[in-house]
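Here is what TrEMBL says about this protein:
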type   : residues  : note
DOMAIN : A:6-125   : domain 'Gfo/Idh/MocA-like oxidoreductase N-terminal'
DOMAIN : A:145-259 : domain 'GFO/IDH/MocA-like oxidoreductase'
Number of protein chains: 2
Amino acid sequence: MADFPIRFGIIGCAEIGRKVSRAIQLAPDATLSAVASRNVDKAVNFAKANRFPPEAKIYGSYESLLDDPDVDAVYLPLPTSLHLKWAVLTAQKKKHILTEKPVALNVAEFDQILKACEENGVQIMDGTMWVHNPRTHKMKEFLNDKERFGQLKTVNSCFTFFADSDFLKNDIRVKPDLDALGALGDAGWYGIRSILWAADYELPKTVTAMRNPVLNEAGVILECGASLLWDNGKIATFHCSFLSNLTMNLTAIGTLGTLHLTDFIIPYQEHEASYTTSTKPDFNELVTGWARLPSEHTVTVDLPQEVCMVREFARLVKNIKKNGAQPDKKWPTISRKTQLVLDAVKSSIEKGFQPVEIVN
Amino acid sequence: MADFPIRFGIIGCAEIGRKVSRAIQLAPDATLSAVASRNVDKAVNFAKANRFPPEAKIYGSYESLLDDPDVDAVYLPLPTSLHLKWAVLTAQKKKHILTEKPVALNVAEFDQILKACEENGVQIMDGTMWVHNPRTHKMKEFLNDKERFGQLKTVNSCFTFFADSDFLKNDIRVKPDLDALGALGDAGWYGIRSILWAADYELPKTVTAMRNPVLNEAGVILECGASLLWDNGKIATFHCSFLSNLTMNLTAIGTLGTLHLTDFIIPYQEHEASYTTSTKPDFNELVTGWARLPSEHTVTVDLPQEVCMVREFARLVKNIKKNGAQPDKKWPTISRKTQLVLDAVKSSIEKGFQPVEIVN
């Protein structure tokens with residue numbers, strides 16, 4: 001397979017593109033083929049700083065990169081408000097799309113992008129990395145284990161980080177014309193995704209925003225949260241913020257077991273990742289201590305999670321290019337569900353924190 | 001001081017009384033003096049099983065214990081619905097009161113109990129043990145540290161345990177005539193207390209119940225949750241349940257730091273207790289890992305937390321008896337605030353999950 005790598009072009013020189021450039025270089029079936037910026041010097045510097053191969057092409061416009069026949073797939077780290085235009089164009093140019101999250105500003109835009117991908121037979125996948133970590137698969141085995149975990153009852157997910165004054169003034173994630181979804185689109189995307197992941201991607205029935213969203217002067221969300229409710233009584237809550245110390249906790253509680261970790265999005269270390277589980281831990285007889293402690297599990301991560309993500313995306317693209325397969329529907333379906341819940345949180349905030357029904 | 005211990009009488013033979021009997025025996029300034037049950041055989045067996053001193057008195061009625069001049073203080077592990085009657089009577093008999101939580105069915109009852117205590121100059125303290133663990137004091141130092149923790153932004157607290165069918169059918173905590181507050185009064189009390197503790201006992205402005213309370217056929221809460229909101233934008237959430245695997249997580253996030261532990265109510269082990277803190281942990285340069293890991297702190301617990309609780313209560317009672325001090329107001333004030341929030345959660349559920357203002 002290594003003789004036929006997927007050739008990536010990168011549109012835009014966002015910070016996150018550095019990490020993904022490295023991931024493309026480390027992934028077995030992928031290679032860096034081109035980078036484009038509206039400012040060609042930026043693209044030159046980006047390619048140099050990120051050790052692009054000498055044969056990689058540098059473009060001063062996104063369009064020229066999209067016209068390059070030596071680009072199979074495009075990684076799109078642009079601000080969310082630009083996704084619709086550039087993802088649709090990328091699809092029309094028959095390039096596969098690995099896009100940063102949130103995929104779109106709302107589900108309507110998401111569906112336009114998806115339609116373009118379907119019409120042009122291209123793969124789309126969002127850039128949520130942690131779901132590709134081998135740890136995530138091990139944790140899912142635990143959640144699926146009726147003996148050790150039982151039936152899922154509740155999930156709590158929290159992702160916060162403390163943005164400095166420069167971020168709060170200048171970052172694209174606080175600008176209504178760039179990443180209008182703010183902390184909800186950025187940090188909240190992970191919280192929502194982690195809840196859906198734990199719930200086997202079963203959509204909740206209703207979403208109710210917490211009564212505490214913090215908005216900046218331009219109306220962009222800097223902090224918010226919500227509760228998600230399913231018909232069978234499952235409940236999940238998440239909290240996301242640019243205003244609190246870096247914290248990323250995920251707890252999923254079943255009837256018989258509990259999964260817990262405090263680094264679910266970015267593991268503390270690149271090459272190993274841990275989580276704890278407990279199954280019916282109980283107290284000792286006088287309830288002065290626990291009968292069994294939660295167990296810590298450590299998973300060796302041979303390839304960093306973002307490399308696993310690129311590998312998975314490249315696998316799907318190869319399957320289309322080499323075997324004439326149809327684009328995979330699993331990842332776009334999961335992305336869309338994440339976007340649906342995200343829309344519902346926003347809508348609940350706008351409706352004065354009333355519960356919003358999720359209509360798929 | 002040991003020559004003048006506080007003499008405890010216990011009213012009722014509840015399971016939790018075993019743990020507290022042991023604590024009274026282990027506490028430096030306390031001794032077990034009497035036990036009463038409406039069934040005298042039960043009291044005899046309780047005294048024997050819990051190694052009461054041979055001179056301890058056994059009563060077949062609560063009233064007779066309250067009339068015993070050799071009893072200074074009464075530990076009250078009765079079902080909540082009986083607290084009003086017996087706490088008021090205990091106070092009128094000039095006995096100090098260590099009562100199980102919830103203190104009362106609602107704040108109105110709480111205030112009647114408090115009034116009786118004040119009128120009779122007796123101390124009242126509720127039986128929340130974890131706040132007396134030396135770990136709790138260490139954790140509070142962290143939360144108070146403006147350099148390491150900054151300003152409190154959010155708290156998430158969760159206490160769930162999986163009750164078996166016998167519990168769900170027969171335990172006093174599922175009976176409307178005994179512990180009518182169910183999981184909210186039992187597990188939820190801890191969640192609310194932990195939030196108030198983290199917030200320096202500043203009451204929230206509003207409380208909004210989550211839209212998921214599970215009630216049994218008799219209308220007793222088996223699972224619920226709520227969000228608490230302060231004027232300055234602080235938000236806290238808690239979840240409590242009899243229907244999910246044993247889990248007790250507490251996370252308090254400040255602008256600069258995070259406190260986290262997963263055994264806040266009953267430490268995993270009796271003689272040492274841990275928690276983690278992080279201060280501006282940050283990511284490494286490519287955001288493929290964390291620049292600093294959270295630190296784990298372990299506190300040696302010379303006396304188990306329930307013994308610390310008895311010691312604190314005995315200290316206050318001694319101060320009244322020996323030094324003629326007034327009853328301490330700190331603990332009853334904290335109890336009352338917990339009860340106020342508990343009432344608000346219940347009220348929010350009854351009002352269709354509308355926010356309920358806290359009026360102190």
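Positions of Cβ are set from backbone N, Cα and C atoms, glycine also.
TrEMBL does not curate its annotations; it predicts them automatically.
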* To do: Tell me the residue counts in helix, strand and coil for the domain 'GFO/IDH/MocA-like oxidoreductase' (A:145-259), as DSSP assigns them.
  => 26 helix, 48 strand, 41 coil
* **Residue counts (helix, strand, coil, in that order) that DSSP gives for the domain 'Gfo/Idh/MocA-like oxidoreductase N-terminal' (A:6-125)** => 53 helix, 26 strand, 41 coil
* Can you check how the pLDDT averages out over the domain 'Gfo/Idh/MocA-like oxidoreductase N-terminal' (A:6-125)? => 97
